[in-house]
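**Q** Questions regarding the structure given below will be posed in turn.
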Amino acid sequence: MAMSPLLFIVFLLMLLEPCSSSRSNVYIVYMGERHHGLRPELVQEAHHGMLAAVLGSEQAAMDAILYSYRHGFSGFAAVLTGGQAARLSDWPGVVRVVRNRVLDLHTTRSWDFMGVNPSPSGGGILLESRFGEDSIIGVLDTGIWPESASFRDDGIGEVPRRWKGQCVAGEKFNASNCNRKIIGAKWYVKGYEAEYGKMNTSDIYEFMSARDAVGHGTHTASTAAGALVANASFRGLAKGVARGGAQRARLAVYKVCWATGDCTAADILAAFDDAIHDGVDVISVSLGQAPPLPAYVDDVLSIGSFHAVAKGVVVVCSAGNSGPYSETVINSAPWIVTVAAGTIDRIFLAKIILGNNSTYVGQTLYSGKHPSKSVRIVYAEDISSDNADDTDARSCTAGSLNATLVKGNVVLCFQTRAQRSASVAVETVKKARGVGVIFAQFLTKDIASSLDIPCVQVDYQVGTAILAYTTSMRNPVAQFSFPKTIVGELVAPEVAYFSSRGPSSLSPSILKPDIAAPGVNILAAWSPAAAISSAIGSVNFKIDSGTSMSCPHISGVVALLKSMHPNWSPAAVKSALVTTANVHDAYGFEMVSEAAPYNDANPFDYGGGHVNPNRAAHPGLVYDMGVSDYMRFLCSMGYNTSAISSMTQQQTTCQHTPKSQLNLNVPSITIPELRGKLTVSRTVTNVGPALSKYRARVEAPPGVDVTVSPSLLTFNSTVRKLPFKVTFQAKLKVKGRYTFGSLTWEDGTHTVRIPLVTSQTQRTQPLPQQSPGSGFSGGSGAGAGAGLFVVAPPASAIDAAGGGGGGRRWLLRRRRRGRAGEGSDEGIGAGTRRAATSMRKRREEKSRFSHLVFWKAESNCHKVKPTN
């Protein structure tokens, strides 16, 4: 039978394609803990000799090797074929051979909002820690802009003698760019160039040095440890005194990410190795790999952070920006501090003034040139391009609009399931030469960076009213006001919509994220080399959002804690953060989570809660642990015993028990599959007054009985550490979801709270909580009636809107859902249900502040009051 032409072509392609074992790629050969007693240069020689034995010559080994990891741990990165990598994986002492991966990059108000400011009475974490004096923060990011005022070293003492790092020169960066604030700067490009080829800085605006061409690294570094800068603002918005959390802490910069947004595993691991050697106290990492996640022993962030923590260095990582969906949290190893993003009590509002004098309000960051007169409004669906789907056009998806009909107009777009981004809508309208966007959406406080043309983001209810006006008028027009900064009268903090949620997809018995911190609309220093738009050019400060912004807030707090408590272990530091965190907003009500619909936030949103730095300075008790505890955890994950021993150079015998993960001494208890009765162990260490007595207080998850034994812990000068057991008894089965509670130890001064999380059914698919699915349909399902979503506004809604605000001022009241189990008949008595209902009503009264959707025309932008 003759071969078909198609099969013949496929056959030829298979012949031309080199087999996977002969194709060269970058591989990381990880060999665990460096042998004690071996000098780093001897470790490097051993790596070269090992590679030469596989490649055939020392010269071939020298040509292939990119990095020799020889300080904090042992291993190397090299260009190898698949066959060579396989041979090395069988070499004695090799823990893992991992293919090089590419990872992604994931303030005038935020520190005041957290209470991190000098106390008039002389207390508070800032003064007690001497503003983080001599703590060293290592930042793995896109580099730094050293000339920024945020990195002045006024009033800072000499560089600590323990510092071993360097200020490495490069393109437009030399040793003089370092000072007593920026005490080290290095850059790593070998892994990147091995993946993508030689970097051409004429094609990509970038610096072959630690200088930041992107802005991201400058922003995160100044958030953690920036100096005081008066009159800082982003084009007039958020004006005030910018400052980092630990103003006298030092910065060590490790540039591992480049202008393309890519950061390779080989480069990241080299930076970890150097940071451990150089002597940093905390490593701040605002980047990560999108799900699905590799195993801990295949993940460079897990590997690098493990060895850093083993050396006493706290590692803080962003949780990711894939929320509000469940099981999206990244950087979830138990030795990492994983940070979610929360809001602060600041917002940027502008008026939309229609041709009939109705005035509405929305959020915007645009402060550029506005049209001097009213401009025509067009509804996106009415001006779709010939081949566009109505839904795509409605949300202003790229290529969906008729450019002729867009030109010179303001376009009204509606968020849809397929297209949720105001930034995409702005780009679509801008390319079609429109002059502005009104984007109706599920309203969050994360604002699109619309810088070339105005974009005002409004609630669906406002969008529906504007649509009614647009469709009822022959010549509908609108005009935007300049935005105003409003501070102090919003419900905050809330968990940001985009912040990745738990449970961990790798180890659901370890609660992740650990903690939340400000990550929405954060003002911090920026690189002038990173032109933010063609119209605006460069800026020195910029407002940005993401868990990349929340991560350095925690890094700054850790620097303050390490200044106060230099002997605390990384686990103790994490415990202090988690057990003292806030789970209520500024009005005393339970925090909520931005999702569709809004829900009461839970530990899968924020871990222990929103960070409270002043309380973290004096936690009373801590849940401490060390390397041996993490080794037992790795054993419980089923990893090879010899590999775990190589990671630490400690002999390990794994004993697999079902409860070994549950008994890891983390400041939380998570039981993914509770069946019947189960007892879990924890140990607390007293770091407060020597003579202390703590009593246990339990809020049990609905449907579960919880008992603590003993319920009283007595400490003295000789008894600083005490164990206890927590027994869970499944009482009523709450099917298909997790339920939440807490255990708090109290001595009259300290409250040491950990989350309790249980599920009584086996997970068969991602959890339904926080899913925005039904909210977009506006119909049936768990979210029906609880959200604000009107994708295609019905006629009744348009009629009810009456074409405008009618001179009235409204505040949208969110419907708030209670904890799992509230309002149901399972596990809650009638009295509890009545109390829960009463609490929800009181929360509703407070949430009037949260989302302003209509605004009286004569209202002042800086003065927002609740409506009775």
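Heads up, the Cβ atoms here are built off N, Cα and C, so glycines get one too.
Heads up, TrEMBL stuff is auto-annotated, nobody curated it.
Sequence annotations record features per position, and here TrEMBL assigns signal peptide to 1-21. Residues or ranges marked as domain 'Inhibitor I9' by TrEMBL: 26-106. If you look up TrEMBL, you'll see 133-587 marked as domain 'Peptidase S8/S53'. The active site, charge relay system feature in TrEMBL is assigned to ASP141, HIS216, SER548. The domain 'Subtilisin-like protease fibronectin type-III' annotation in TrEMBL covers 663-757. As annotated by TrEMBL, region 'Disordered' applies to 760-779, 814-844.
How buried are these features, and what lies next to them?
**A** Per-residue pLDDT, averaged across the domain 'Inhibitor I9' (26-106), gives 90.
The secondary structure of ASP141 (active site, charge relay system), as reduced to three states from DSSP, is extended strand.
Around the Cβ of HIS216 (active site, charge relay system), the number of neighbouring Cβ atoms within 10 Å comes to 26. In the three-state DSSP reading, HIS216 (active site, charge relay system) counts as helix.
There are 29 other CB atoms within 10 A of the CB of SER548 (active site, charge relay system), with all protein chains counted.
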**Q** Calculate the distance in Å between the alpha carbons (Cα) of SER548 (active site, charge relay system) and ASP141 (active site, charge relay system), and round it to a whole number.
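**A** Cα-Cα distance, SER548 (active site, charge relay system) to ASP141 (active site, charge relay system): 10 Å.
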**Q** Taking only the Cα atoms, work out how far HIS216 (active site, charge relay system) lies from ASP141 (active site, charge relay system), in Å, as a whole number.
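**A** About 7 Å separate the Cα atoms of these two residues.
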**Q** What count of other C-beta atoms do you get within 10 angstroms of the C-beta of ASP141 (active site, charge relay system), across all chains shown?
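**A** Looking across every protein chain shown, the total is 28.
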**Q** Can you check what DSSP calls SER548 (active site, charge relay system), collapsed to helix, strand or coil?
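**A** Reduced to three states, the DSSP call for SER548 (active site, charge relay system) is helix.
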